[in-house]
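Peer 1: One structure, as structure tokens, below. Some questions next.
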């Protein structure tokens, strides 16, 4: 990624990258420690670190263990095997700037279903107790932390010596290349797509497994399952199931089609996602809240409605593109802009930009219900502690930044057509506000 391609000023970008590379790995451990050992209190963790300093962080940092390694390796091999062997429809991704079009096997829903059934069956028949995962979660996150940093180094070296496609390159800066990645579509062999594995199979499926793990742990700990944990888990599983139902659409998003495979994406999905994204459930294990039927049902309905709207936004745009702009949008012919652009190889191509339906409300309206859904699967913890809401705050910042990056990319790609699009759809994310 050259400096001319950076959305933020170069100095700000470099400082941000170095800050994230050094601070986010220990932040994951501190999140786990706060939820599991500090009563969910950020203040308690802060006071501990204030009193004990760096040595305090070293003392609470779990050491990688054999059992953590076995759990990670078994899970990774299981998901890799499903990714390779399960049947699936052939799906083509978007054409890259170099003219390359990746091909995928859409078997994510099958892999997700098989994994959930296998995990619950192992527990039901007494072969493996998921509470072991919770009891060793600190060691698992620590092992993932170090292992993923090494994995990202492998991706950096692979991008230099054995790139999988024409979509690769170096910025000339080691830190930038390690952080953002060298390859857009790295693969091992012809069929094993690394980003599909890290983002979808390892990361997203763990997001479905861990809330179930937390439910089982709370049940074993207290002899019952709180309605707050149940509501959190149902909304989360609806969201993750929606993701796999729509997985082929995800392969057209910024994560896959524009962000390269480096620390930002791969470490994030292997380590940050299992910890940060599941943190409300991790908190609820030891902090069961009784919501009562009326409040519980209200939160559940609101959460599922937000997940549905998020899905319908993506479905609407997908159908619009699939039918080349001929699909009805909210019962009417869609409003659109036909935009042409030039690839890096000099070819002129055409895209159609949807300006009605959900996509007429704002340019990234789908982020609104996604943020609201995260609030509704966090709010069952109520307001006793700040900790369950860190993910909502993080997601809001992430998606607002992503909207800005996507707008800058589209501005560079479409030029005058993007200006026309912004005039027609003036708000970036929140209609009438931003």
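Each residue, glycine too, has its Cβ placed from N, Cα and C.
Sharing the record's features from TrEMBL:
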- 12-33: transmembrane segment (TRANSMEM)
- 67-88: transmembrane segment (TRANSMEM)
- 109-128: transmembrane segment (TRANSMEM)
- 140-157: transmembrane segment (TRANSMEM)
- 229-246: transmembrane segment (TRANSMEM)
- 261-279: transmembrane segment (TRANSMEM)
- 291-311: transmembrane segment (TRANSMEM)
- 375-400: transmembrane segment (TRANSMEM)
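Just tell me what is around each of these and how deep it sits.
Peer 2: Cβ atoms under 8 Å from those of the transmembrane segment (140-157) belong to residues 25, 28-29, 32, 61-65, 68-69, 71-72, 133, 177-178, 181-183, 186, 194, 261-263, 266-267, 270-271, 274-275 of the same chain, restricted to positions at least 6 beyond its ends.
Same-chain residues lying 6+ beyond the ends of the transmembrane segment (229-246) with a Cβ under 8 Å from its Cβ atoms: 108-109, 111-112, 200, 204-205, 207-208, 211-212, 214-215, 218, 278, 280-281, 284-285, 288, 291, 296, 299-300, 303-304, 307, 310-311, 314-315, 318, 373, 376-378, 380-381.
A Cβ distance under 8 Å defines the sequence-distant neighbours of the transmembrane segment (261-279), meaning residues of its chain 6+ beyond its ends; these are 20-21, 24-25, 28, 31-32, 35, 141, 144-145, 147-149, 151-152, 155-156, 177-186, 194-195, 198-199, 202-204, 206-207, 210-211, 214, 236, 255, 387-388, 390-391, 394.
Residues 227-228, 230-231, 234-235, 238-239, 242, 245-246, 358, 366, 369-370, 372-373, 376-377, 379-380, 382 of the same chain sit 6 or more residues outside the transmembrane segment (291-311) yet have a Cβ under 8 Å from a Cβ within it.
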Peer 1: Decide whether the stretches the transmembrane segment (109-128) and the transmembrane segment (67-88) have at least 3 CB pairs under 8 angstroms, with pairs required to be 6 or more apart in sequence.
Peer 2: yes
